Amino acid sequence: MAGIKTLETHRCFGGVQGFHEHDSAQIGLPMRFGVFVPPQAEQGPRPVLFCLAGLTCNEQTFAIKAGAQQHAAAHGLILVTPDTSPRATGVAEADAHWDFGHGAGFYLDATQPPYAKHWRMESWLMGELPGVLAEHFPVRNDRVGVLGHSMGGHGALTLALRHPGRFQSVSAFAPICAPTEVPWGHKAFGGYLGDDRATWARHDAVKLIEAGARAPSLLVDQGLDDNFLAQQLAPDRLEAACTAAGQPLTLRRHAGYDHGYFFIQSFVAEHIAHHARALNA
Ligand SMILES: N[C@@H](CCC(=O)N[C@@H](CS)C(=O)NCC(=O)O)C(=O)O
């Protein structure tokens, strides 16, 4: 049995919010993740919602700032908040940027040195972490959703599109929809994946949809006062790709909201309800 180290637990809305660490074989380093277990888990295994955070965030950010536990407790969902990259890798360059390296894993497996060794976030999340969760928490690994914010929104969309059948529900707040077309994506994909743009396209939600990949019906919220909207997020590209491909999408644009967690708090109840509808069905 793969061990985990429990770092903290807190009673929360009748359930338990914990933060844990395990020695990841995929990443080759200890990795941290949060788990909220709702009160209904005392009666048996519950569906799981992965919540993927954005640039500069870690396993605590969404758990502390989004206010999601009260809604997960109401619907009986387990929330999992993975860290956003490997840590303490010894790669000096990975500390030099806030939008690349540590805290900026982009939920993919890097192919380029020096990142290829530890930046294996897709293999960790899709291949290793579900098994760790199944050993230590009352999860139903056959009822799984994914939600993400910004870089994590890119992660939610691309992981769902790249792994059909693994997620029954998908949603995002202010996702990076077309990373191959924006500066954050150019920097991250260039560093992690190298110069071959055909490889980049396999981690771009718009390009994946255009190439025929499909996901469960998408719920996406976007604030119109988001500082990153014009340069980095490209929700219009997602909307156009979904319309052309017949991929179901509910894209809601909200006047006055910015990129941060006050925006997320304002709509997180509706996201949790969206996931609960599919996962508890
Ligand atoms: N460069 C800024 C912005 C980074 C940023 O806005 N990150 C978003 C995700 S892309 C976030 O969720 N930050 C954490 C927070 O708002 O608490 C910083 O380093 O704080």
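Each residue, glycine too, has its Cβ placed from N, Cα and C.
The following features are taken from TrEMBL:
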ACT_SITE  SER150  active site, charge relay system
ACT_SITE  ASP226  active site, charge relay system
ACT_SITE  HIS259  active site, charge relay system
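In the three-state DSSP assignment, the secondary structure recorded for ASP226 (active site, charge relay system) is coil.
For the pair formed by HIS259 (active site, charge relay system) and ASP226 (active site, charge relay system), distance between Cα atoms is given as 5 Å, rounded to the nearest Å. Between the alpha carbons (Cα) of SER150 (active site, charge relay system) and ASP226 (active site, charge relay system) lies a span of roughly 11 Å. Ranking the active-site residues SER150, HIS259 by C-beta neighbours within 10 Å puts SER150 at the top. Sequence-distant neighbours of ASP226 (active site, charge relay system) (same chain, 6+ residues apart, CB-CB distance under 8 A): ALA174, LEU233, TYR257, ASP258, HIS259, PHE263.
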